[in-house]
Amino acid sequence: MNPYILMLLFFSLTLGTTITATSSHWLLAWMGLELNTLAIIPLMTQQHHPRAIEATTKYFLTQATAAATILFAGITNAWLTGQWDIQLMTHPVPTTMMVLGLALKIGLAPLHTWLPEVLQGLNLTTGMIMSTWQKLAPFALLLQIPAANQEMLILLGLTSTLVGGWGGLNQTQMRKVLAYSSIAHLGWMLIIIQFAPSLTLLALTTYLIMTTSTFLTLNFNTATTMNSLATTWAKAPLLATLTPLLLLSLGGLPPMTGFMPKWLILQELTKQDLPLTATFAALTALLSLYFYLRMSYAIALTIAPNNLAALTPWRFPSSSLSFILALTMVPALLLLPLTPAAITFLNI
C-alpha cells in the first residue's frame, strides 16, 4: 500500500479514537466510532485475499449494526430526556441499548461470534490493531455511561469470561485463540467497570501491552497455527524462551504482569460482597489458562519433525518491529512488583 495512504489511514484511526474519547455528545462520539471503522476497512482488504474480503464484509456489517444501535440509543435518550450528554444518560431503555451496541462493537459474549471469524481472515499486523486499538474508543464510552444496570454488565462480563475460555479450548489457529483470549479479557474488564473504573483502565492497559507483544511474537515467527509454534526454538531460541512466559502472563499466573489486574479485580469483587461472582470469574480463568498452557507446551516441549536448513530470523537485518517487540515484552512480564505503586496511583 502507498505509504501516504497508509499514513492517512493511521491518522484517521487516531483521530476517530481521539474524537470518541474526548467527546461528551453522543453524535460526536458516534462520528468518531464511524471514522474508526471506515479507516480500518482498507487496512483489512490490502491483501486482496478472498478470506480477507470475507472478514472485511463480516466486520463492516457487524459494525454497521452496532453503529445503528448506538445512534438509535442516543436519539431515544434525547427523545426521552431532552439531552445528548453521555454522562447524563439516565433512562434505562437507551442505556441498555447503548451497552449492547458497544458490546457488539468490541465483541463481548454473547455478541462475539463475528470476532474469531474476522481475526482469522486478517494478517497478524491488522489483527493486532483489531484486538488492541479498536477497543479503546468503545471502552472510553463504556467508562462514561452511568451505572444504571449493574446486573446486566456483570452478566455480560461473566458470559464473556466463560465463552472466551471455553471457545478457545478446541482451537488450533492462533488468531482464533487470541480472539477468544480477547473476549475473556474484555469480560474481566466489564465485570468491574461499575465498581472500580480505575481497575478497568489498569486491566485494559496490561491487556493492550500483553496482546501487542503476543501478536508481534507470532508475526516475528510467522506462526499462525499451533503446530507452527514448534519451530520457534529452531528459528529464535531467545524468543522461544520468553514466549511461554508471555503466554502464562496472558493467563494470569504469578509472578508475571497478567496476575496483577485479575488479583485486584477479584479483591474488589469480594469487597463489593460479590463472592460468587469472584469465584465464577476465577474458575473461568482456568479455562483460558488451559489453552495458554497448550501453546506454551507447543513452544517449549515440542520439536518440529522437519527443521529445514534455512536462515533463522536472528540472522536477518534488524527491523523496527523487533524494537517494539522488546519494548512491549519487558512490561508484559515484569510489572507485577509495581502493584503497590499502581494501587496508590489509581486510589484503589
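Cβ from N, Cα, C; glycine included.
The domain 'NADH:quinone oxidoreductase/Mrp antiporter transmembrane' annotation in TrEMBL covers 23-287.
The domain 'NADH dehydrogenase subunit 2 C-terminal' annotation in TrEMBL covers 289-342.
Listed by sequence, the residues of this chain that lie at least six past the ends of the signal peptide (1-16) yet keep a Cβ under 8 A from its Cβ atoms are 32-40, 42-43, 46, 129, 133, 137. If you look up TrEMBL, you'll see 1-16 marked as signal peptide.
A Cβ distance under 8 Å defines the sequence-distant neighbours of the transmembrane segment (60-80), meaning residues of its chain 6+ beyond its ends; these are 26-27, 30, 33-34, 37, 41, 89, 91, 93-95, 97-98, 100-102, 104-105, 114, 118. Look at TrEMBL and you will find 60-80 (among others) tagged as transmembrane segment.
Taken from TrEMBL, the feature transmembrane segment covers 92-115 (among others).
The transmembrane segment annotation in TrEMBL covers 152-170 (among others). Beyond its flanks by at least six residues, the transmembrane segment (152-170) meets 96, 99, 103, 108-110, 112, 116, 176-177, 180-194, 274, 277, 280-281, 284-288, 290-291 of its own chain at Cβ-Cβ distances under 8 Å.
The transmembrane segment annotation in TrEMBL covers 177-195 (among others). Proximity of distant same-chain residues to the transmembrane segment (177-195), defined by a Cβ-Cβ separation under 8 Å and at least 6 residues beyond the stretch ends, is recorded for 103, 106-109, 112, 115-116, 118-120, 127, 131, 135, 139, 142-143, 147, 150, 153-154, 156-165, 167-168, 171, 203-204, 207, 211, 214-215, 226, 250, 261-262, 265, 268-269, 272, 277, 281, 284-285, 287-288, 291-292, 295.
Sequence-remote contacts of a segment are chain residues at least 6 beyond its ends whose Cβ falls under 8 Å from one of its Cβ atoms, and for the transmembrane segment (201-220) they are 124-125, 127-128, 131-132, 135-136, 139, 143, 174, 178, 181-182, 185-186, 188-189, 192, 236, 239, 243, 246-247, 249-250, 257-258, 260-262, 264-265, 313, 321-322, 324-325, 328-329, 331-332, 335, 342, 346. If you look up TrEMBL, you'll see 201-220 (among others) marked as transmembrane segment.
For 232-254 (among others), the entry in TrEMBL reads transmembrane segment.
Annotation comment: TrEMBL describes 274-293 (among others) as transmembrane segment.
Residues annotated as transmembrane segment in TrEMBL: 323-346 (among others). Residues 198-199, 201-202, 206, 209-210, 212-213, 216-217, 220, 242, 245-246, 249, 254-260, 263-264 of the same chain sit 6 or more residues outside the transmembrane segment (323-346) yet have a Cβ under 8 Å from a Cβ within it.
Outside the transmembrane segment (274-293) by six or more residues, the chain places 154, 157-158, 161-162, 164-166, 168-169, 171, 177, 180-181, 184, 187-188, 191, 247-248, 250-253, 262, 265-266 with a CB less than 8 A from a CB of the stretch.
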